[in-house]
C-alpha cells in the first residue's frame, strides 16, 4: 500500500491522482500535490489549484 493521495476539482469533478500524475501537463507519476506549481489549473475546466480538495480513498 502507498500513501499517494487523490485530489478532486470542486468545479467539475476532475481527479488528480498523485500515483498517476498528469503527464499531459508534464507532471510525472508520483508527483505530490504540494510539488505541483501553484499556477497549475484543472485541465478540464480551468479551475485554480486552490479549488481542489483531497478525497479519502482506500487502495488495494
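Note that the numbers count up from 1, one per residue, in the order the chain is shown.
The backbone N, Cα and C atoms fix where each Cβ goes, glycine too.
For 4-55, the entry in Swiss-Prot reads domain 'Rubredoxin-like'. Taken through DSSP, the domain 'Rubredoxin-like' (4-55) splits into 9 helix, 15 strand, 28 coil.
Under the heading Fe cation binding site, Swiss-Prot lists 9, 12, 42, 45, citing sequence analysis as support.
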Looking only at the domain 'Rubredoxin-like' (4-55), report the model's average pLDDT. 96
Who sits close to residue 45 (Fe cation binding site): which same-chain residues at least 6 apart have their Cβ under 8 Å from its Cβ? 9, 11, 12, 14
Just to be sure I understand the packing, how many Cβ atoms besides its own are within 10 Å of the Cβ of residue 9 (Fe cation binding site)? 21
